[in-house]
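According to TrEMBL:
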COMPBIAS  1-10  compositional bias 'Polar residues'
REGION    1-27  region 'Disordered'
BINDING   45-51, 73-75, Arg340, 366-368, 448-451  GTP binding site
BINDING   Asp46, Gly73  Mg(2+) binding site
BINDING   Asp46, Glu47, Gly48, Lys49, Asn71, Ala72, Gly73, His74, Thr166, Arg180, Asn259, Thr274, Arg338  IMP binding site
BINDING   Asp46, Val334, Thr335, Thr336, Gly337, Arg338, Lys339, Arg340  substrate binding site
ACT_SITE  Asp46  active site, proton acceptor
ACT_SITE  His74  active site, proton donor
ACT_SITE  Lys177  active site
Amino acid sequence: ESLTMSSGWSANDHKGHTNPLSTGVKRSRLDSGNKVAVVLGAQWGDEGKGKVVDLLATESDIVCRCQGGNNAGHTVVVEGTEYDFHLLPSGIINTKCISLIGNGVVIHLPGLFEEIDKNEKKGLKGWEKRLVISDRAHIVFDFHQALDGMQELQRQAQEGKNIGTTKKGIGPTYCCKASRTGLRICDLLADFKEFSTKFKSLAQQYQSMYPLLKVDVEGELKKLKEYAERIRPMVRDGVYFMYDAIHGPPKKILVEGANAALLDIDFGTYPFVTSSNCTVGGVCTGLGIPPAYIGDVYGVSKAYTTRVGIGAFPTEQVNAIGELLQTRGHEVGVTTGRKRRCGWLDLVILRYAHMINGFTAIALTKLDILDVLDEIKVAIAYKLNGKRIPHFPANMEVLQKVDVEYEVFPGWKTDTSAARKWNDLPPKAQNYIRFVENHIGVPIKWVGVGKSRECMIQMF
């Protein structure tokens, strides 16, 4: 057999997707294949991932979403037009780029088409040729969304604490998925009668558990049948699609993370977290790719910290500083419109996010928001009863109680928004950036000083 391919097996094998080891040639793990670059939030979300993805998507061939749903909010400005993405990968505006919604994403079909219609009105064209949807992705139904709202009201009534869900049905759908009652895109596209039966029994199950839940079964089925035909041409087996993308001709593949490290279901500030893994592990499970093919992992962090909704936030500033950051940074949620809580940059959090994700580089955004401050603080450790603790506490009550140890820097008190390269930044701002970089042990590749694409200073 000819072993022309660098992976040590023949081109014919490749086309037939047979076992790569069938030729008996031991191949090293990394000798071939296109690597996947990943952009992840390193704090509590809203770090400006959109900017970084946008920067990288212009030269990507494939942009993927691997987890979450339309609870993500993501604004991209192209030639003065603001596009708003929630479920669509933001590569969809690039005509040379395929956008993949992976198996780990949960899809609310009315939400998807509403988003497409909105963006079509702004000039998005030809998207149906560029969108690929995994047949293993789970479907968010309207009753999942209704339930999400009901449960949030219940939580508020019982404990006076809601989780701060976006009420998009994401949590209930992942719940359904884990309890093996969920329905997937592949079910919707197979025998519709079979699908209807399953849908009806799922709706019934939900109504018996939640008597107040109203489900219009026939109405929703009628809509689903229409959506099925609209998406049919875009649906593919995501595993084979990604395999071919990785092992085919050279391609740039980008994964756009939604949410952020401290909202991860396993590693976040539980229970005030989202319902999926938004750390690097979610990329492998949410697309069906081996860890060996993950290349650069870019962490995105603001030059300060924000958080939406409730939950512990050690460096929060409930004072004039917090208000200044909130107003100067226009800190209001994209998806929810809620005011964000603001505080100093927390390096305990960033180091923790790096331990989990293994960042190869970091983007530090919104540095210009700090331009007017006399002094700037950075959290470098947490203390309990006067003693430094060597880790990020898992328990929320413990995290609420920590004292924060800060490093204090003099402010640079100059406008940085016009800076386009490292040397344009004042020495005190450079000093701040270098400190962050050294403390986390990850190089900072971009520094953001404003809204538009040009405002991302590339360092190397």
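Cβ atoms are placed via backbone N, Cα and C, with glycine included.
Summary for the binding-site residues Gly45, Gly48, Gly337: the Cβ-based neighbour count within 10 Å is maximal at Gly45. Inclusion criterion for the recorded positions Asn71, Gly73, His74, Asn259, Gly337, Lys339: a C-alpha placed within 10 angstroms of the C-alpha of Lys51 (GTP binding site); this criterion is met by His74. For the binding-site residues listed here (Thr75, Asn259), the lowest count of other CB atoms within 10 A around the CB belongs to Thr75. The most densely surrounded of the binding-site residues Arg338, Arg340, judged by C-beta neighbours within 10 angstroms, is Arg340.
The subset of binding-site residues (Gly45, Asp46, Gly48, Gly73, Thr75) lying with their Cα within 10 Å of the Cα of Asn259 (IMP binding site) consists of Gly45, Asp46, Gly73, given in sequence order. All chains included, 26 other C-beta atoms sit within 10 angstroms of the C-beta of Lys51 (GTP binding site). A simple Cβ count within 10 Å picks out one of the recorded positions His74, Lys177, Lys339 as the most packed, and that one is His74.
Cα proximity to His74 (active site, proton donor) (within 10 Å) is found for the following binding-site residues from Gly48, Arg338, Lys339, Arg340, Leu367: Gly48.
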